[in-house]
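A short worksheet on the structure shown next.
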């Protein structure tokens with residue numbers, strides 16, 4: 001099983017390393033990384049989310065309610081709670097959102113299809129990836145973009161006018177309205193013929209790789225470092241989140257198989273989204289990029305630990 005985990009994270013580490021190498025060779029600088037992220041956030045990722053949600057079966061959306069609830073607790077509930085706690089402590093909404101997202105956003109779209117399929121089989125893995133994709137695309141991403149927009153300071157506006165302007169600007173971003181529109185179309189019964197899906201996947205499938213490459217550049221430019229904040233983020237993500245959700249599930253007597261599915265899924269390391277948003281909004285890029293790298297490297301040990309105690313083979 002450790003070999004399976006290593007194989008799953010290898011493409012992530014390799015792409016980050018390529019970006020780091022490109023930065024070290026001075027082929028791309030910080031501005032290039034920001035341009036790559038702008039491409040991903042404005043075009044590639046919205047297309048990927050839109051096409052992915054349209055392709056998701058309605059049965060996945062309306063069935064498997066227990067998995068929906070437990071994964072929602074881990075991905076949405078923890079995200080909201082941590083955002084509020086960090087905001088109270090830091091008085092910095094943008095940083096609060098990014099740190100909360102780095103904990104509550106597992107890299108299921110990248111690692112889930114390979115790791116979860118081997119661990120739990122194709123049927124369960126497809127459902128897990130689809131549910132996590134819905135929470136990421138429909139809740140975490142739009143909400144994060146809105147909150148980050150609300151956290152920006154504009155000197156020429158104050159009070160209600162400022163808040164309304166920020167939210168209006170955020171709702172115009174494809175990353176907010178594209179997944180919401182796709183979800184509404186899906187539930188309404190709209191079925192996009194498979195022949196038209198490449199319209200969205202041609203550029204959309206580049207989102208993950210380009211984002212990781214850009215983060216690799218940022219790791220070199222910003223100088224990778226392991227700070228107390230990075231260690232806290234990684235500890236909460238790799239151990240704290242799955243452990244807390246597991247404790248709650250055990251306390252209420254949740255089905256053992258559901259415990260295995262949910263806890264292992266939440267133990268997957270942090271996704272690229274916090275780093276992408278950090279680079280786009282110029283908020284603690286180094287901390288978020290370092291968090292992703294350390295979380296990914298340590299996931300072989302931490303995921304293996306949870307799988308051992310859960311009896312997953």
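Using N, Cα and C of the backbone, Cβ positions are placed for all residues, glycine too.
Nobody curates TrEMBL annotations by hand; they come from automatic prediction.
Note that the structure is a prediction, hence the values are computed from the model and not measured.
Pulled from TrEMBL, these are the features on record:
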TRANSMEM  6-24  transmembrane segment
TRANSMEM  36-55  transmembrane segment
TRANSMEM  67-86  transmembrane segment
TRANSMEM  98-120  transmembrane segment
TRANSMEM  126-149  transmembrane segment
TRANSMEM  175-197  transmembrane segment
TRANSMEM  203-221  transmembrane segment
TRANSMEM  230-252  transmembrane segment
TRANSMEM  258-279  transmembrane segment
TRANSMEM  291-312  transmembrane segment
Would the transmembrane segment (203-221) count as touching the transmembrane segment (6-24), i.e. at least 3 C-beta pairs under 8 angstroms with sequence separation of 6+?
yes
Could you tell me what the rest of the chain brings near the transmembrane segment (291-312), counting residues at least six beyond its ends with Cβ under 8 Å?
1-2, 5-6, 9, 12-13, 16, 102, 107, 115, 119, 215, 219, 224, 226, 230-231, 233-234, 237-239, 242, 246, 259-260, 263-264, 267-272, 274-275
Other than its close neighbours in sequence, what residues sit by the transmembrane segment (175-197), given a CB gap under 8 Å and a spacing of at least six beyond its ends?
41-42, 45-47, 49-56, 58, 61, 134, 137-138, 141-142, 145-146
Same-chain residue ranges lying at least 6 outside the transmembrane segment (98-120) that approach it to Cβ under 8 Å
1, 4-5, 7-9, 11-12, 74-76, 78-83, 86, 128-129, 132-133, 136, 140, 144, 148, 208, 229, 233, 236-237, 240-241, 260-261, 264-274, 277-278, 283-284, 287-288, 291-292, 295-296, 303, 307, 312
For the transmembrane segment (36-55) and the transmembrane segment (258-279), decide whether they are in contact, meaning at least 3 CB pairs lie under 8 A, counting pairs 6 or more apart in sequence.
yes
Counting Cβ pairs under 8 Å that are 6 or more apart in sequence, does the total for the transmembrane segment (230-252) and the transmembrane segment (67-86) reach three or more?
yes
So which residues does the transmembrane segment (67-86) touch in its own chain, when a touch means Cβ under 8 Å and the partner is 6 or more beyond its ends?
92, 95-97, 99-101, 103-106, 127-128, 131-132, 135-136, 139-140, 143, 147, 236, 241-242, 244-245, 248-249, 254, 258, 261-262, 265-266
Could you tell me what the rest of the chain brings near the transmembrane segment (126-149), counting residues at least six beyond its ends with Cβ under 8 Å?
49, 52-53, 56-57, 60-61, 64, 67-68, 71-72, 75-76, 79, 83, 93-94, 97-98, 101, 104-106, 108-109, 112-113, 116, 120, 166-167, 169-171, 173, 175-176, 179-180, 183, 261, 265, 271, 273, 277, 281, 283
